[in-house]
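Asks: Take this structure, written in structure tokens, and hold onto it; I'll ask about it next.
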Amino acid sequence: MAKPKSQYRCVECGYRAPKSLGRCPGCGAWGSFLEERSDGGGSEAAPPAGVLPLAEVDAEALPRYSSGSEEVDRVLGGGFVPGAALLIGGEPGVGKSTLLLQVADRVLKSGKRVVYVAGEESPQQVKLRAERLGVSPRLELMRDTRLDAVLAGLDAHAPDLVVVDSIQTLESEGVPGSLVAVRNATQALVRWAKASGGTLVLVGHVTKEGTVAGPKVIEHVVDATLYLETAGVFRVLRSAKNRFGPVGEVGVFRMEHAGLVEVANPSEAFLAERPLGVPGSTVGLALYGERVIALEVQALAAKSPYAAPKRVAQGLDPRRVDVVLAVLERRLGLKLGHLDVYVNLAGGLRVSDPGLDLAVALAVYSAVMGRPVHPQTAAVGEVGLAGEVRSVTLLEARLREGRRAGFERVLGPGALPTVEQAVREALA
């Protein structure tokens, strides 16, 4: 038999080399090479794999079950799928563990078995948090972080839902948290989920760029990747990947002492502190993920002490704001050359949506002229360079949300084809 051969593969990008390299030439990652050994041939050929017609696959054999949270179910596309593997990331302290303890409690109370693998906290710390959140004492904890022991425990207890908090704490080959250890642990746990039918939720640390830390392969092998993000006093759960539901869907929560509370009506929540009858304030109907939310757009204009006036945009794409300001100057004759202009999307969200252009235009015009926009007016539409108001994605859904939120007038494309006409109507 031929002598076994060794080669090395980057766990980040798959680049192969005859020897281990400090830095991968393919992706630039450091210390990412893992040895792979082949038998050098001589083994018997594997039998051919069988095929299964798609028509014979019974999709109903994997019925979804609810997470107990309408907002989480929305993001997942209808609830948990048996055998699915999910990865959730977020900044430290954003509320990942809190959210998952609440979900684990609700799934447990629905009659299913739940195991919580606590790698970052002691059982005593988890219990203190669970008591504050009102979690059932029947929740089962697993403290061991050795991958082999965890897998053996899952085989023995056969839970319906497993939460691993976090994947970086599990010990496999190499140091816990290393690229190799994270990759091996993720792949082994995903194989367990597929074989057993249990749902797997992995908590992952994030890098300073906001992506899940570890080899990129972990995002490929899981079925869904979710991020929990901060938006002022709110928390937003967003799907970046989902094999069983829509990508980009969001769920909104409010962080309170008793945990994360669902925000069933985000428009009402984000407009709760909106001042009425104040120049520079208007409401835009934004597409955030897959849902429409009414958000307050604020603008302030002040005389600039600088030769080059400042342009500041918070929560909005600053390049789109610059375009809207240029259209106001050129098409409506609004003098902005001596003014600092500040535009803010109230509530802490960050939205890049052309549908907010018209709301930005109305807010800036209102701030400069010192005339408030009618409080029962909302706006939607993209502003073109010719000063026209253009249609946007899901226009009908935005108009419905505006009416549902109680606005008497929703200004947008069609009836008001230009920004100038929209301004006259809004400030009338």
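Using N, Cα and C of the backbone, Cβ positions are placed for all residues, glycine too.
These came from TrEMBL, pasted as-is:
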{"type": "DOMAIN", "residues": "61-206", "note": "domain 'RecA family profile 1'"}
{"type": "BINDING", "residues": "Gly90, Glu91, Pro92, Gly93, Val94, Gly95, Lys96, Ser97", "note": "ATP binding site"}
{"type": "MOTIF", "residues": "241-245", "note": "motif 'RadA KNRFG motif'"}
{"type": "REGION", "residues": "340-428", "note": "region 'Lon-protease-like'"}
Asks: Using DSSP and three states only, what is Ser97 (ATP binding site)?
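Replies: Its secondary structure by DSSP: helix.
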Asks: Sequence gap of 6 or more, C-beta under 8 Å: which same-chain residues meet both conditions with respect to Pro92 (ATP binding site)?
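Replies: Expected: His205.
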Asks: Centre the Cβ atoms of Gly90, Glu91, Pro92, Gly93, Val94, Gly95, Lys96, Ser97, go out 8 Å, and tell me which other residues of that chain have a Cβ in range of the ATP site.
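Replies: So the extra residues in range turn out to be Thr98, Leu228.
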Asks: With helix taken as DSSP H, G or I, strand as E or B and everything else coil, how many residues of the motif 'RadA KNRFG motif' (241-245) land in each class?
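Replies: So the motif 'RadA KNRFG motif' (241-245) is made up of 0 helix, 2 strand, 3 coil.
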Asks: Give the three-state DSSP assignment (helix, strand or coil) for Pro92 (ATP binding site).
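Replies: The residue in question, Pro92 (ATP binding site), is coil (DSSP, three-state).
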Asks: Enumerate same-chain residues with a sequence separation of six or more from Ser97 (ATP binding site) and a Cβ-Cβ distance below 8 A; give 'none' if the list is empty.
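Replies: Ser97 (ATP binding site) has long-range Cβ partners Glu120, Glu121, Arg129, Asp165, Val203.
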Asks: Can you check which residues sit near Lys96 (ATP binding site), meaning Cβ under 8 Å from its Cβ, same chain, 6 or more apart in sequence, and list them in order?
Replies: Ile88, Gly89, Gly90, Asp165, Val203, Leu228
Asks: Out of Gly90, Gly93, Gly95, which of these binding-site residues shows the lowest number of other CB atoms within 10 Å of its CB?
Replies: Gly93
Asks: Per DSSP, what is the residue count of the region 'Lon-protease-like' (340-428) in each of helix, strand and coil?
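Replies: Tallied per class, the region 'Lon-protease-like' (340-428) gives 34 helix, 18 strand, 37 coil.
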Asks: Under a criterion of Cβ-Cβ distance under 8 Å and sequence separation of at least 6, what residues of the same chain contact Val94 (ATP binding site)?
Replies: Leu228, Glu229, Thr230, Arg235
Asks: So if I measure Cβ to Cβ from Glu91 (ATP binding site) and keep only same-chain residues at least 6 apart in sequence, which ones fall under 8 Å?
Replies: Val206, Glu229, Thr230
Asks: Run through the domain 'RecA family profile 1' (61-206) and tell me, per DSSP, how many residues are helix, strand and coil.
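Replies: Secondary-structure breakdown of the domain 'RecA family profile 1' (61-206): 65 helix, 30 strand, 51 coil.
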